[in-house]
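Following: one structure in structure tokens, then a few remarks.
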Amino acid sequence: MGYHETYSPNGWKWLGFVSAVWVQAISGNNYTFSNYSDAIKTLMDLTQLELNNLSVAKDIGKAFGLLAGLASDRLPTPVILLIGAIEGLIGYGVQWLVVSQKIQPLPYWQMCIFLCMGGNSTTWMNTAVLVTCIRNFRRNRGPVSGILKGYVGLSTAIFTDICSALFSDNPAKFLIMLTVIPFAVCLTAVFFLRETSQSVSVAAEKEEARHFAIFNVVAVVVAFYLLAYGFIGSTNQVFSLVFVIILLVLLASPLAVPVYSFYKSWRLVRFEPDVERREPLLVQEANATAEAAERNEVINDDPPVAVDEAVVVEKSRPVIGEDHTIFEAMRTWDFWLLFVSFLCGVGTGLAVMNNMAQIGLALGHADVSIFVSLISIWGFFGRIASGSVSEYFL
């Protein structure tokens, strides 16, 4: 059973990572405000300042991501995913009801609350995915974070291009996509995204590196595919439908990794009895080695105790790379460096993305979806490169 125990968790671990990729591919809806902001502005008869304040309410929702971080230490991953899915269903669902004119426009302060809920929903999804996958792949944290955050960047282009292909950039149809698709994907991920045991062998690390290379290649192919469609575009219904089908196939293609892992595990279990019969000497040598190690432990009983005690004292305060509680993290310079960097640097990009519709209209472009898609795609390349570069240097 040794081989089965070693390889069996790998299939589930990679299946969880694929579901995490899908969650991230639909959790960048917070950056899509420009695709429907003009419809809200017209229906609610808002000034540009009032519209900006609505976008601020949306972004404030992300500031409450601290709640998701605290909950991740106390609640299982499926619960965190469900909270994000339900919150997004309500937040974007109400916006869809308003834009599609199913209901009368709500009071301004109520719209602020629902936009805040929509913005906050993604923090629960991102936290569930990142925390679980980084714990499952502790030796490849850089590639994991780069790939997952890269798909967050791509998600805006995915939503925008699908809506452009199927619904001619209709804002109401766009909002129903933001309402239903993330909810459905999170419900699916609930069944597969779990913490699994760690692989410590050199062979397992090399295998992980190869699999992450596959995920990177697929992500880059998806990015260039979206980029090409953004420039080509089409009003032909058949061409648009083919584009969407190919895109969905590309997004589903990472399933090949867990399928291969399950197949490999199945082969090992199937041929395990033959291996045991063919290699009795190896088994005897392993038993002899284990017995010798036990004898050494009995002879040298006192020194290991002293070593263990020293290790406990040394690791009383976690170092970079180990798990921190929020209060332990707040006592480090690294935390405050990241905090100030995000506080001062991220808002400029959000300000541009939130007002892209108005910028495009001022420049004479009635349809700004191409600009929203391009920002998303180039953001993807920056995110995925940062994960690989940080892993190389750190």
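Our numbering is plain: 1 for the first residue shown, then up by one each step along the chain.
Cβ coordinates are placed from backbone N, Cα and C, and glycine is handled just like the others.
According to TrEMBL, the features are:
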type	residues	note
DOMAIN	13-259	domain 'Nodulin-like'
TRANSMEM	79-96	transmembrane segment
TRANSMEM	108-134	transmembrane segment
TRANSMEM	146-168	transmembrane segment
TRANSMEM	174-193	transmembrane segment
TRANSMEM	213-232	transmembrane segment
TRANSMEM	238-263	transmembrane segment
DOMAIN	329-393	domain 'NFD4 C-terminal'
TRANSMEM	335-353	transmembrane segment
TRANSMEM	359-381	transmembrane segment
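When Cβ distances are compared across the two stretches, the transmembrane segment (108-134) makes contact with the transmembrane segment (174-193), since 3 or more pairs at least 6 residues apart fall below 8 angstroms.
Contact check: the transmembrane segment (174-193) against the transmembrane segment (335-353) gives fewer than three Cβ pairs closer than 8 Å, residues 6 or more apart, which falls short of the contact criterion. The stretch in 79-96, 146-168, 359-381 that contributes the largest number of Cβ pairs under 8 Å to the transmembrane segment (335-353) is 359-381.
Non-local neighbours of the transmembrane segment (238-263) in the same chain are 7, 10-15, 17-18, 21-22, 25, 158, 161-162, 165-166, 211, 214-215, 218, 221-222, 225-226, 229; each lies 6+ residues outside the stretch with a CB under 8 Å from one of its CB atoms. Residues 28, 31-32, 34-35, 38, 150-151, 153-157, 160-161, 163-164, 169, 219, 223, 226-227, 230-231, 233, 349, 352-353 of the same chain, all 6+ positions outside the transmembrane segment (359-381), place their C-beta atoms under 8 angstroms from a C-beta of that stretch. With DSSP states grouped into helix (H, G, I), strand (E, B) and coil, the domain 'NFD4 C-terminal' (329-393) comes out at 55 helix, 0 strand, 10 coil. Residues belonging to the domain 'NFD4 C-terminal' (329-393) score a mean pLDDT of 80 in the model.
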